[in-house]
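Positions annotated as region 'Disordered' by TrEMBL: 1-20. Among the features that TrEMBL reports, domain '1,3-beta-glucan synthase component FKS1-like' is placed at 154-266. TrEMBL lists 302-323, 374-393, 414-439, 480-500, 521-541, 1337-1359, 1483-1502, 1508-1530, 1614-1635, 1647-1668, 1675-1699, 1719-1737 with the feature transmembrane segment.
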């Protein structure tokens, strides 16, 4: 069947609820249903070849149960047999055609028949699509159902098409890739039977029938997954109680699945049993348990190393010698060190017990061996403990009997070592395999039963996590990294942490008599004092690898960055010095090389030649660039690209019209003989040449040699000369005497130059005079009102100079007439012969302005462009072209790719009302943007005037859309993201034209662009010559046409088709259908984006109500049809149910990924941006897939980010700096040398076919995968992928800019890391990777958050330990014998903790990265500026946020998505809002630490020395202040007195508002209070018990302080403490009495309420008087006792919240709620007090404003007006 026979394929009817699709012409990218459509893609021979291969269906067995339709292809045939939906078939048809066509385009060989598919293409595609299936089927030991053939290409196509159809309709099952392998396996068997004719005549495929695949396969599996999610109670149930996506997927990792599920699916089996069914299948593969023990379970090798070294170091250091080798000379010490094996065995036992305790629910009848393995591991570990203990005891027993280390004792040592050798034998084998990584990979991937048996003991067999070892070179690199780091860490720990603690420890042990200040229950508590002193040291010891990692990774990252040539071009001045190299580098990198016949693109010869040329470009060896002249096609091609970049800058309003003229390379006009470099490069060069000519007396040769030493000077001189000549001949009429005179003069000059006699025949000293008169002439020409008389006079003056003064020899008038240089008739020269072009000749005046610039500019133009963003982008783009990147292929041969952006309901673009509406300070978004982006705003107004705006009032009328877009492009909106991603489409169109354009096309195109002229029309406005009163003239139609000066005007038509074949952009707007139905303005804005972006597609979920409360769900793809002038529906694929049964974002991505195309997909969030000049390098980036990085080709290309929100405020700057160092230096080190880079939500580029067959670009299980992005990296690494990082290309990204936004973001990330800690992915990475890569994974993922929490725990351990020592009396006893304050270990702990707390180890990567890219001095200055702006307060506060949410998530859960808003934050946040956000995470903890420090200061004998106390408590007090004051220091108007007063009133109203059923936490304290303890309801028993244990610490205050009261009179009897509880009881009784009286009498019988109040007060006073009279009680005891009893009350409330289910129905609970309200009032007052004090003091508000908005000040932000609302009248 020919292609032309398949002309009009019947299009499916439109589904209800969506746009009509009855038009047969509706298509996505290629009109496959109508081949007669004039579409550029159909002209491609590769597309025709792919379509021709698919229509080969003549001899296929027909489906006798289906109605025959003509013009079917292979996918239609599969659809009829296997029950696929029609639109799924249509979608995958286009998908497959584009894959095949793109594979064919990339072939290095040309097919024999042009329109036929090359034999290697289907096989190559099929192998890649089915690689995971083949690996899975081999893993299970089954025979593959796929039989690829070298001859039968149609069968290969059917295999590929079948997989795509299964995947395209799988909906949520795409998250369970091995389930799809199972389905594919059986459907491929049925396909083989059909093709081979072996199918039973009475049998049909299991899924045959209308929508059979959906109803019989997808829906049952979907329903059981949905049922499990429903049983999870929205993720609040324990992870161990329900199956997530991974559990379902891992069920298919066992051969038993074939017996259990069968085919067709056995829906009555246990797999499909509902969650509450007793025989349902439980968790599979792994059980996620909430416990901090997961840190040990997952990374046990790390903790074994740390604990064993600590034990060995302590044993060695105990002897007291300075150096460890001195201590080890003694055999006793050597033998003591052997106890580490006992510890090691104990740790193995711990690991075995934890495995059994957490994974016991995996044990079932089907895997009873798992139970056996758990028991045996516990028994064996316990056995090793016994063996080592016995052997160790025997050594010492023999030694004690012999009283020396005799031969017999030595033999027993040898016996111990032999046992130890057996014990470590597995580690020795692992070390050998580590040295030979390829052998380990082979063994792990081999499916040999003997290997299963041998490895069964060490780890469970899993489909993922096999063959993860890297190559030997990579092994050496990251091993060296960690060896150096660990050597530094352990040396530091021994010398400054462990050894200094030995002597104080020995001294404390020797203390015999202690005078206790309280009742001591135990003897020898001085030993507990040792523990108290050691705990902070041990905690810091366990976590300080994080500090060392920050140091070493920063240094290594800096070196890698330097070797990658980052930061070599940092500014415009450096670009100017290398611009010629830059032009050659652009040609080399962005233009495809000339391919030689019979030579592949990636041959070794080509690679070597490219490497040599790149070195020449970078370092200037051998002048890699030639002197580029104007008539060369390379120069014109470079000029087209460069000018297009500058024009894009102008469209974005980051450069002005004037700056465009200074930056662009003008076309080849005015007969200029050299390339016309940008004015930016030529500035001052002509003036320097004139100065040289005036001062230097030399020959022509010497002058010209000096000029030619600087290429820009040579070009400036020649261009100025040629331009002046052309200008004079242009404005003087032809065929006139003056015209001939001018021609003769220039001919005379050229003859003299040719003869080398110019300096002889002319006076060079006169050149400055000629120069000044030429400037006068140009200024007269550029004036709006031309004065021809002045022009004539100036020309006459010039004539006199060049004729009379310039020649060396005086020339008389007669001689001038004779040689034709003077009129023979009377009259003035140049009179009535001057014709100046009209103002509409934009080309002429643009060239005049350029000539004027060359003649006049004296400065270096280092401030051009003025806009810092434009300067940054130019610098980065130019620098990137000197970095290592693959050569760009032709667009036709590049990898095709898609961009996928998930969107829900964020801002598409700012509405008019949003821009104008003002906040409480009187600030609108537009006003804020005008001040933040002052340059952009001025450029925008300039552009609007050029496009016809006469009055600025029109900005809210005709130009309102432009205004809204301008504002939206500076926010974090969908419009900004779409504009950025569509630069790919623009770039590909231009590159396609440049690839295919011949030399003639380029030259003619350049001339055509020159003839179209400038997009400017205000030709005289640049120099300020216009009349400020008279409005500018209305522009012509041509001047308003943007494409008139763009390369797009040169396109031939095929560029669009090629670009669409290579690029697709899908925005998955999940609720777009609902938004349309509700007439949501955001739907209209999305439609506007589709109208203006041809390659944009919108995917959404459509809900169709079918009656009886039934809803059908469809995945829909729409686009805007320019011919029909409306939105049209392309595909509508029915879903088994609601999409969102997991986490929202990955589910949103998953439903739309079937509409993406190409070999790669870039995941872009809605807060990201892109740049045109970076889009030009995308095809270079995609070439990375063809290169090996280590032993593998990349599967995930990491891309650098630029955080564009850093200029908004100091907070935004802190966040931007931190994020920038993470996405640059941090990712650089992770990729090279550590080889553990994952995916962190960045704009990474996925190998699309690799990921779509392995679970997609993210994971979606509820709660556990809340940080969905990083799991894509985990999954990639575990499945043998390779993640790389590339910094020659960047994508913009926005970050949160307000303090509360940042805190919510960090809370979300910390909670996500808490869930990661529990996950199977992290566990498998910790066990499957080699030791050093495991360390890298830990310290760059969950370990960072765990160690941050350890720092906070160190603070707690230190202050609580000090409090214990001081209150107990141990401190006084220790002070006399072993001064614990003057100790190097303590100083080290405090210093390390303080370094982390201040964020200095976070700042180090920022400093180094900033130094690389902007210079060392700039980096240091930025760092110091950040410190002055309280960056350390911000980082300390951030540390508390991470600690709170990470720890709470692991213990209790509660991780959830937290919407941060992504908006501009300049409004003041009320105190009540800050209290709600930070009371539990920061304020209460800070108050607790503050109380401890106060009590310690009051009762410590050491603290009496002020200096000692300050040194010991400085870091702790800094943490307290930061945690309390952080939200207010970074809150706009945070110290405004009036706002502080209003905030306190609002806070009290919120506290006392009772609320109701529908009240929110923002309205009522009680609602908020219940929400804050919600996590205690979902936590398990162990979580509740641990919470109660932690709450018991509050009772220590009472126990310690009551013995310090004067009334105790020095007694240490236990009765003192017991009697103190009477005060607690009396206090609660008085409160209950008052509370009861208020509720009973306050409203109606107020006198009774006052009576009760009076009674309580009088009784209290009487008690105080009695105590003062008859006891040792003093007034100070009242205040001291408050420090005892208030914490006790809070402890009781905290415990009551944990046991709430038991007391909620009693009167006790009401009392708890009432007391808790009083406590929050008290906490609020404590927090508010310093804020109120600073608000009352003068000057603090202004200082705070300066600190908060300093960065914005430097860019013209008028904060004083913003804060006060006194803004001027602006638009």
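Note that Cβ sites are derived from N, Cα and C of the backbone, with glycine treated the same way.
Looking only at the domain '1,3-beta-glucan synthase component FKS1-like' (154-266), the predicted model's pLDDT averages out at 90. Cβ atoms under 8 Å from those of the transmembrane segment (1719-1737) belong to residues 1471, 1475, 1479, 1483-1484, 1487, 1524-1525, 1528, 1534-1537, 1539-1540, 1543-1544, 1547-1548, 1551, 1565, 1569, 1686, 1689-1690, 1693 of the same chain, restricted to positions at least 6 beyond its ends.
Within the same chain, residues 1484, 1488, 1491, 1494-1495, 1498, 1573, 1576, 1584, 1587-1588, 1591-1595, 1597-1598, 1600-1602, 1604-1607, 1620, 1623-1624, 1627-1628, 1664, 1668, 1708-1709, 1712, 1715-1716, 1719, 1722 sit at least 6 positions outside the transmembrane segment (1675-1699) and bring their C-beta atoms closer than 8 Å to a C-beta of that stretch. Segment contact is absent for the transmembrane segment (1508-1530) and the transmembrane segment (480-500), given fewer than three CB pairs below 8 angstroms at sequence separation of 6 or more.
Using DSSP to sort the residues of the domain '1,3-beta-glucan synthase component FKS1-like' (154-266) gives these counts of helix, strand and coil: 77 helix, 0 strand, 36 coil. Within the same chain, residues 518-519, 1598-1599, 1602-1603, 1608, 1652-1653, 1656, 1660, 1681, 1684-1685, 1688-1689, 1711, 1714-1715, 1718 sit at least 6 positions outside the transmembrane segment (1614-1635) and bring their C-beta atoms closer than 8 Å to a C-beta of that stretch. Looking at which of 302-323, 374-393, 480-500, 521-541, 1483-1502 has the most CB pairs under 8 Å to the transmembrane segment (414-439), the answer is the stretch 374-393. When each of the listed stretches 302-323, 374-393, 521-541, 1337-1359 is scored by C-beta pairs under 8 angstroms to the transmembrane segment (480-500), 302-323 comes out highest. If one looks beyond the transmembrane segment (374-393) by at least 6 residues along the same chain, the residues whose Cβ comes under 8 Å of a Cβ in the stretch are 338-339, 341-342, 345-346, 348-349, 351-353, 355-356, 359-360, 363, 412, 415-416, 419-420, 423, 457.
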